[in-house]
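Asks: There's a structure below that I have some questions on.
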Amino acid sequence: MSAANADFELFRVFLEKTCGIVLGSNKQYLVSSRLNKLMEQQGIKSLGELVQRIQTQRGGLREMVVDAMTTNETLWFRDTYPFEVLKQRVLPELIKANGGQRLRIWSAACSSGQEPYSLSMAIDEFEKTNLGQLKAGVQIVATDLSGSMLTAAKAGEYDTLAMGRGLSPERLQRYFDAKGPGRWAVKPAIRSRVEFRALNLLDSYASLGKFDMVFCRNVLIYFSAEVKRDILLRIHGTLKPGGYLFLGASEALNNLPDHYQMVQCSPGIIYRAK
């Protein structure tokens, strides 16, 4: 094995232990593209040196590396159907079952905030057409591993490029305030439903409490089968009986029939906690 390949193996082990992400052996180009600038700034010549520096030094290097490797582009109202299923099927059902209690939604691995803010907009749209049905309100808890992503998400400000990814002109006008050339901010009424917290999905979820819905979309694809199963079992522990799990369009929940019931929607699939 060449020195470069050995260094890459060291880094793969570090990343999986730190945040569960499994890198294929063909992902050296991805690691280079994400870390070259940081390594140059830090005067680090190889991935092996980077891992050694992380292990022997205190400071923010570990967080900067994890930030660089876990930051992903995201969309407003990604795949559309989960938000329609939420409004047309899940909210009416849970309101009926919950007897007027506040509903809680967890947006796991929320990145720069588009998913939780999309959820808050969908809640607002539901309220406008179902007056008085959500008297106790809805709390959205949004978590991410990346400190820089959480800072950006809390700020709730986006540029033209981000705004063009899945947001209709009507929603832009209704739910955002212009903040100068090419920048918009999520309106306070939409932001007020969302609470952002730092969380590594490998860590305990006990502090989060119980939820009526969990959105863990386009996240599990990065984990090994073993870690994925562990996360899904622990998510089940955060769901109230009859609560719903939303996964990504290309993700499936296999081999957990004692915990989740598949619910066919049109289109899409969601999962009800047993």
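Our numbering is plain: 1 for the first residue shown, then up by one each step along the chain.
Here the Cβ of each residue, glycine as well, is placed from N, Cα and C on the backbone.
Per Swiss-Prot, the features are:
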type: BINDING; residues: Asn72, Thr74, Arg78, Glu115, Asp144, Asn200, Leu201, Arg217, Asn218; note: S-adenosyl-L-methionine binding site
type: DOMAIN; residues: 1-274; note: domain 'CheR-type methyltransferase'
Asks: Would you pick out, from the binding-site residues Asn72, Asn218, the residue whose Cβ has the largest number of other Cβ atoms within 10 Å?
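Replies: Counting every other Cβ within 10 Å of each candidate, the maximum falls on Asn218.
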Asks: Compare all C-alpha positions of Asn72, Thr74, Arg78, Glu115, Asp144, Asn200, Leu201, Arg217, Asn218, the record's S-adenosyl-L-methionine binders, and send over the largest distance in angstrom.
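Replies: In whole numbers, the farthest two Cα atoms are 22 Å apart.
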Asks: According to DSSP, folded down to helix, strand and coil, what is Arg78 (S-adenosyl-L-methionine binding site)?
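Replies: For Arg78 (S-adenosyl-L-methionine binding site) - judged by DSSP and reduced to three states - the answer is coil.
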Asks: List every residue in the same chain as Asp144 (S-adenosyl-L-methionine binding site), at least 6 positions away in sequence, whose Cβ is under 8 Å from its Cβ.
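Replies: The list for Asp144 (S-adenosyl-L-methionine binding site) reads Ala109, Cys110, Ser111, Leu150, Ala153, Phe196, Ala198, Leu199, given in order along the sequence.
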Asks: Using CB atoms and a 10 A radius, I'd like the single residue among the binding-site residues Arg78, Leu201 with the highest neighbour count.
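Replies: Most Cβ neighbours within 10 Å: Leu201.
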Asks: Please report the three-state DSSP label of Asp144 (S-adenosyl-L-methionine binding site).
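Replies: Where Asp144 (S-adenosyl-L-methionine binding site) sits, the three-state DSSP reduction gives strand.
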